[in-house]
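Enquirer: Checked TrEMBL, it gives:
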TRANSMEM  20-46  transmembrane segment
DOMAIN    39-289  domain 'G-protein coupled receptors family 1 profile'
TRANSMEM  58-76  transmembrane segment
TRANSMEM  96-118  transmembrane segment
TRANSMEM  139-159  transmembrane segment
TRANSMEM  195-217  transmembrane segment
TRANSMEM  238-258  transmembrane segment
TRANSMEM  270-291  transmembrane segment
Amino acid sequence: MENETMPSYFYFTLFKDFVHMRYFIFILTLTVYLAIILFNAIILFVVFKERSLHEPMYILISCLSVNDLCGSTGFFPRLMVDLLFDTNVISRPACFVQIFTIYTYAVSEYTILTLMAYDRYVAICNPLKYHKIMTSKVTTLYIALASLYAVFSMGLAIFSSARLPLCGADIARLYCSNWSVVRLSCGTSTLNNNIIGFFVTTTTVFLPAFFIFYTYVRILIICQKSSKEFRGKALQTCLPHIISFVNYSIASFCDIALSRYDSDKFKIVAIIFSVEFLIIPPVLNPLIYGLNLPEIRKNIACLFQRSKVCHFLE
């Protein structure tokens, strides 16, 4: 009875429909993963190499790159193994490790974006107190608290899910997700897990989103009362963050919404939106910040140009 309610393995059922395309998908997946590693590694190298970028805003950008690399690593290697060897099977412990890795990334993405919004809020609304408020120690503390919060919240959700008795072992996704496991459960214990899931979703998605929205309303009010030059500089530093926030919010919302439906009804759409939050933000974030922020753009150019160009850009 225990083996029936606590399966040792889970089976990814979506792969059977794409067997004839698995090598093409493997090459595409490998290309995207290598691009994510390259783009984010460049951002990390530039930020840590250039001492002038050792400021809260750029440190938080580097944290975003680290988080994107962690989330991608929790998804792409396992997917490529399944595609290359046509296994489509994952052990129960490995499944929950993947859930923890991917959704800790998802929560951390919002907490880091929240810290970035607060950083811009202090810089624009209290510029004279910025260096007193956003010290290196305070920034480090905020990052540590944000990381611990993501680990704790996802640990709570996974601990609850891991105890559920299951009436199946088929997962209609390309990776292990918490809801995919929960929907396999049988019995009244599912209700408790749904309550915990609602709490985690509310505190990790909607509250950060509300705070970010509030900070930018305040920033907009300040900009309306300021000079045109001030508004231009404020927009230059805030625009990349706004794009990242909107992009990730849309991707995560699609994942949350479509995960509640049966993917057999619109399989291709479900697949695309279920992996969008793991692909689009890690690819776009380094491009957004690398191309829009002059200091990062200048130092990236220096990596690929001669020293004369670097001196000219300065």
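Just so you know, glycine gets a Cβ as well, placed from its N, Cα and C.
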Enquirer: Applying the under-8 angstroms CB criterion, which one of 20-46, 58-76, 96-118, 139-159, 238-258 scores highest with the transmembrane segment (270-291)?
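Expert: When the Cβ pairs under 8 Å are tallied, 238-258 comes out ahead.
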Enquirer: Restricting to the domain 'G-protein coupled receptors family 1 profile' (39-289), report the mean pLDDT as a whole number.
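Expert: Summarising the domain 'G-protein coupled receptors family 1 profile' (39-289) by its mean pLDDT gives 85.
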